[in-house]
Structures are given as C-alpha cells and as structure tokens.
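Reading through the structure tokens given below for one structure.
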Amino acid sequence: MEQAAGCPAVGGSYPQKNAEILSSQYGINLFLAGLLLTFAWAVHAVGISKSHLLSYLITLMLIQLLWMLWYLCRSCTQRRLIRDKDTHAGARWLKCGITLFAVITLILDSFKIGYYIDFSNCLSPTEGIFPVTHAVHTILQVYFLWCHAKDVIQSFKTLERFGVIHSVFTNLLLWTNGVLTESKHQLNEHKERLITLGFGNITIVLDDHAPQCNCTTTTLCSIFSQGIYYLYPFNIEYHILASTMLYVLWKNIGRKVEHHQQNKTPFKFHGITVGMIFGLIVLTSTIAIVVVYLIQIGGSKIKSELALTMFYLHAILVLALMCTAGIVALLIYRLEDRSLDNSKNPARKLDAELLVGTAAGSWLLSWGSILAIICAQGHPKYTWYNLPYSVLVIIEKYIQNLFIIESIHREQEKANDDIKTLRIVTISRGSTLSLTPLYKEVYNGRAARESGGVPCLFKGSICERENDAAGVAKEETSQDNSLVMHSASDFSFYSRNSVTNNKRRILKNIAAFLFLCNLSLWIPPAFGCRPEYDNGLEEIVFGFEPWIIVVNLAMPFSIFYRMHSAASLFEVNCKT
C-alpha cells in the first residue's frame with residue numbers, strides 16, 4: 001500500500017530530475033566554451049580576438065534578456081495567482097547590495113561607451129555594442145531579481161530550468177571576463193613595481209591591449225581608461241551576487257515549500273555601538289593604509305619595503321583582533337543550549353558552501369607564501385612579516401567560517417518581546433499592591449483574573465472589577481501569601497533574561513565588528529593593494545609565471561570571500 005502510494009510521486013520526479021541534470025550540463029558546457037574563448041583571447045591565440053569573445057557574451061545576454069521578458073510577461077498575466085515563495089531567498093539587504101553594485105556597473109558601462117567613442121577609429125563595433133547591451137541587461141536583471149528572487153516556480157519547470165541556469169552561467173562568464181580584464185591591468189603595474197624591489201632577474205613583458213590609434217580627446221580618454229579599472233571591483237561583485245541569487249532560484253524550481261511564518265529580522269544600530277566604533281576604526285585605518293601603499297609602492301626600494309611592512313603589521317593586528325572576537329563568539333555558543341535548524345534551505349546551504357569554497361583561494365595563497373618563506377635562500381626583512389600574516393589568514397577564516405555557519409544554522413529565538421510579563425500596579429486602601437501573575441501563566445495567555453482593583457484589557461477580553469466583598473478579601477489573603485513566591489519567580493526570570501540579553505549584545509557587537517573588518521579587508525585586494533604580487537619572494541621560489549597564474553586564479557575567490565562574509569555577518573547581526 002505504502003509503495004503504491006509513493007509510485008506516482010517517484011515516477012513524476014524522474015522527468016524533473018532529468019531536466020535538472022540536462023540543464024546543469026547545458027550551463028556547464030556554455031560556461032566552458034566561454035571560458036576557453038576567454039583564455040584564448042588572454043594568451044593571444046591565433047585567429048581569436050576580443051571581438052569574438054564580446055560577440056559570444058552579447059549573444060548570451062540577448063538570450064537571457066528574451067527569457068526574462070517572457071517570464072515577466074507570463075508573471076503579469078498570472079499575477080492574481082498565489083505563488084509559493086522562499087522566504088529565505090533574496091533578502092532585502094541583499095537586493096539593496098546588488099542594486100548598489102549595479103548602479104556602479106552602469107557608470108562603468110557609460111565609461112566604456114565614452115572610451116569607445118574616443119577610440120572608435122580603431123576599435124571593433126562589438127566594443128561599443130557590448131556596454132550598451134550590458135547596461136540594458138543589468139537594468140532588467142536587477143528588476144527581475146527584486147520582483148522574482150523569492151519565486152518557487154511550479155509551471156513550465158523544464159523550460160524555466162534552462163532559462164535560469166543560462167542566466168547563472170551568463171553572469172559567471174561576465175564575472176570571469178571582468179576578473180581577467182582587471183587582473184591583466186593589475187599585472188602590468190605589478191611587473192613594473194618588482195624592478196624597484198630589486199628583482200631584476202624577473203623577465204618583464206607587459207601584456208598591452210591598448211588601442212593602436214590616437215584618442216580624439218586626450219583628457220577624457222585618460223579619465224575613462226583609468227576610471228574603468230577602479231570600477232571593475234564593483235562590477236565583479238555584482239555579477240557574482242547575481243549568479244548566486246539566480247542559482248538559488250534554479251534550486252527552488254519544483255520545490256515543495258513548508259508554509260510557516262518567518263520572523264522579520266530588521267537591522268538595528270541599538271546595542272552595537274562598541275562593535276561599530278572598533279569596526280569603523282579598522283575601516284578608516286585600512287583606507288589610509290591602502291592610499292599610502294598605492295602611493296609608496298614602486299616609488300623606490302626603501303619606500304616599497306616600508307609600504308609592505310606597514311601593510312603586513314596592520315593586517316596582522318586586524319586579523320588577530322578578528323580571531324579573538326570569533327573565539328569569544330564560539331565560546332558563548334558553547335555556553336548556550338540551543339538546537340540547530342536542519343530544515344531544507346537552498347540559500348543557507350549555498351552560503352555555507354561558498355564560505356568554505358572561496359576561503360580555499362586565500363588558503364592556497366597563504367600556504368604558498370609560507371612555503372616560499374621556508375624554502376627561500378635570501379629573506380629581505382619585510383618578508384618575515386609575511387609568515388605571521390599568512391598563518392593568521394588561515395586561522396581567522398577557519399574560526400570565522402565556524403562562527404558564521406553555526407550562526408545561520410541556529411534556530412532563531414522565539415519572539416519574547418523582551419519581557420513577557422504583565423505587571424499591574426493598583427492603589428488600594430493607601431498601599432501599593434503588585435498583581436503580577438506568574439511568568440508561565442502570562443506566556444501561555446492565561447492571565448489570572450484575580451485582581452479587583454481596576455479594569456484591564458488583556459488579549460481582547462475585559463477583566464471587570466468584582467464587587468463581591470468576599471472575593472476581595474480572598475484575593476487579598478491570596479496576594480499576601482504568594483507575594484514572596486511571585487517576587488522570587490520574577491527575580492529569577494529577570495536574571496536569566498538579563499544574562500541572555502548580555503550574551504546577545506556581545507554577539508551582535510562581534511558580528512558588527514567582523515562585518516566592518518571584512519569590508520575593510522575587501523578593499524586592499526579589490527583596489528590593487530596585493531602584496532602577494534609585490535613582495536617578490538614567491539616569484540623567486542616558484543617562478544614568475546607559475547606564481548602569477550596561482551594568484552590570478554585564487555585572488556578573485558579571496559576577494560569574493562570577504563564580501564560574501566560581510567553579507568553573511570550582516571544577516572547574523574539581524575538574526576541575533
């Protein structure tokens with residue numbers, strides 16, 4: 001009987017499982033083809049130019065635009081239907097973040113259009129079509145994610161799987177293109193800096209993709225060409241955030257959603273003053289360090305060594321503070337007895353996997369630096385600071401991942417409204433009588449109708465004054481006998497509540513501090529402050545080209561880790 005009842009469900013799941021497998025394979029092949037085309041352009045393969053790569057990306061964006069328009073039109077015609085929603089997906093703060101990155105991406109597209117106009121005599125038309133198409137794609141995609149990121153698609157599931165997975169890998173390819181373009185620009189600068197540090201035995205060959213013609217307006221060309229590379233970090237974060245939100249949408253297709261009320265968790269500044277102050281101190285000092293680093297590095301050997309030393313000392317201090325804060329938070333969790341939420345949640349599962357997966361990028365770089373320090377024959381003084389820095393990077397991410405993953409899996413506390421008691425004070429015969437009912441009685445909605453002092457309103461029912469003199473006398477006797485018991489019960493409850501609130505306050509301050517620290521540590525590599533390139537020791541041990549390949553592969557994941565950790569810590573702060 002049980003097997004027969006399950007047969008239709010099992011049989012019906014096979015087509016959907018096949019559609020999921022087929023769509024994922026389609027997306028992977030789409031991505032690999034684009035990745036190979038990107039690599040061929042990067043290494044100047046014969047017969048492959050930038051116009052071929054841009055044509056491929058334009059085609060993918062146009063296909064995604066058609067699918068999103070079809071989905072939006074179909075949603076408008078069915079807007080009266082009640083749709084399932086995944087309340088955990090597409091949080092408002094995440095939508096606001098992707099909107100901010102999208103706005104900066106639109107500025108980047110406008111710079112690219114201006115750059116194309118100034119060099120239109122020697123650039124391919126695709127370099128003018130691409131930013132226009134990308135701008136339209138960005139606007140429509142942000143609107144789509146704002147309106148439909150929470151959707152649990154239950155109709156046209158096979159077609160929608162292909163449309164969503166196409167969008168996921170289109171954004172991944174646009175992210176790859178942005179990472180490569182920005183990395184090539186950074187690499188040219190770092191090659192020149194290595195000479196000032198005395199590494200003259202490294203072959204310096206600049207990879208120049210500059211147009212082979214003169215600019216029509218020199219000043220504007222300089223602004224556009226320099227401004228583009230300062231805006232790329234935001235464009236990179238935009239596409240990786242969009243791909244993760246679309247991936248959650250793809251995982252939710254055909255999913256059976258458990259209908260339960262989710263408590264809203266708004267962000268509040270109250271109670272996190274200490275964490276915010278220390279975090280802002282770290283943020284402002286990091287910005288100052290980055291500015292000084294970019295000015296000093298490459299100026300001379302002494303200035304470059306001082307810049308690297310300054311960077312390492314600052315990073316060591318910040319990472320040590322972050323490790324300490326993470327350990328304190330984990331110790332508080334060990335003292336609490338709260339169960340974990342093991343319900344199915346694609347967004348939460350993806351968050352945890354991304355934290356560990358992207359942390360592997362910086363772990364790879366850190367172990368490479370440690371190995372280089374151990375194996376190198378000569379050690380400039382500043383390279384010794386790289387050893388504690390690399391060790392702390394490994395430890396800090398290990399601790400932080402534990403804290404974030406446990407935080408997002410812990411069951412949220414029930415709404416306790418801080419104090420779930422009802423205290424009524426009434427003046428009777430010249431004395432103040434406390435008519436506080438027991439905590440358990442109030443919590444379960446059973447307020448004792450013992451008082452005869454004044455009328456009170458509780459849960460919509462009116463407790464009227466009883467005029468029975470015998471009832472009043474009985475109430476007074478009962479009040480006298482239970483006064484001590486109630487006071488002891490209230491004191492015990494308030495003590496427990498105070499301890500719980502203190503723990504929550506500490507955890508919220510730690511989450512706020514770590515949130516700002518991760519934003520601070522995102523800034524240096526995103527804007528060109530990368531000692532993995534500049535100290536030169538790894539290039540001597542591993543060779544210039546092999547180490548640069550490792551850095552270029554690992555650095556994007558390391559940069560994304562910091563932004564993703566900041567987003568996760570913001571959520572932790574809201575939930576705590």
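Every residue gets a Cβ built from N, Cα and C, even glycine.
Residues or ranges marked as transmembrane segment in TrEMBL: 26-47 (among others).
Marked as transmembrane segment by TrEMBL: 53-72 (among others).
Per TrEMBL, transmembrane segment is recorded for 93-117 (among others). Beyond the transmembrane segment (93-117), the same-chain residues lying 6 or more positions past its ends with a Cβ under 8 Å from any Cβ of the stretch are 123, 127-128, 130-132, 134-135, 138-139, 141-142, 145-146, 149, 216, 220-221, 224-225, 227-228, 231-232, 234-235, 237-238, 241-242, 245, 267, 567, 570-571, 574.
The transmembrane segment annotation in TrEMBL covers 129-146 (among others).
Look at TrEMBL and you will find 158-176 (among others) tagged as transmembrane segment.
The feature transmembrane segment is assigned by TrEMBL to 229-250 (among others). Residues 23, 86, 89-90, 94, 97-98, 100-102, 104-105, 107-108, 111, 138, 141, 145, 148-149, 151, 153, 161, 164-165, 167-169, 171-172, 174-175, 178-179, 181-182, 185-186, 346-347, 350, 354, 526-527, 556, 559-560, 563 of the same chain sit 6 or more residues outside the transmembrane segment (229-250) yet have a Cβ under 8 Å from a Cβ within it.
Through the fold, the transmembrane segment (271-295) approaches residues 307, 310-311, 314, 318, 321, 504-505, 508-517, 519-521, 523-524, 527-529, 573 of its own chain, all at least 6 residues removed from its boundaries and within a Cβ separation under 8 Å. Annotation source TrEMBL lists transmembrane segment at 271-295 (among others).
For the transmembrane segment (311-333), the list of distant contacts is 278, 282, 285-286, 289, 293, 382, 385-386, 388-389, 392-393, 395-396, 399-400, 402-403, 406, 410, 503, 506-507, 510-511, 513-514, 517, 520-521, 524, 529, 531: same-chain residues at least six beyond its ends, Cβ to Cβ under 8 Å. According to TrEMBL, the transmembrane segment annotation covers 311-333 (among others).
What TrEMBL records for 354-374 (among others) is transmembrane segment.
If you look up TrEMBL, you'll see 386-405 (among others) marked as transmembrane segment.
Sequence-distant neighbours of the transmembrane segment (506-528) (same chain, 6+ residues past either end, Cβ-Cβ under 8 Å): 186, 189, 230, 233, 271-276, 278-280, 282-283, 286-287, 289-290, 293-294, 311, 315, 318, 321-322, 325-326, 328-329, 332, 400, 403, 407, 555, 558-559, 562-563, 565-566, 569-570, 572-573, 576. TrEMBL lists 506-528 (among others) with the feature transmembrane segment.
Per TrEMBL, transmembrane segment is recorded for 540-561 (among others).
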Counting only residues 6+ away from its ends, which parts of the chain sit with a Cβ under 8 Å from the transmembrane segment (354-374)? 244, 383-384, 386-387, 389-391, 393-394, 397, 401, 404-405, 532, 537-538, 540-542, 547, 550-551, 553-558, 560-561, 564-565, 568
Excluding the flanking five residues on each side, which residues at least 6 beyond the ends of the transmembrane segment (386-405) place their CB within less than 8 Å of a CB in that stretch? 312, 315-316, 319-320, 322-323, 326-327, 329-330, 333, 351-352, 355-356, 359, 362-363, 365-367, 369-370, 373, 514, 531, 535, 537, 561, 565, 568-569, 572
Quick test of the contact rule: Cβ under 8 Å, at least six residues beyond the ends. What residues does that give for the transmembrane segment (26-47)? 53, 56-57, 60, 162, 165-166, 168-170, 172-173, 176-177, 180, 184
Using a Cβ-Cβ cut-off of under 8 Å, list the residues of the same chain that are 6+ residues beyond the ends of the transmembrane segment (540-561) and lie near it. 175, 179, 183, 187, 199, 202-203, 233, 236-237, 240, 354-355, 357-362, 364-365, 368, 371-372, 375-376, 397, 522, 525-526, 530, 532-533
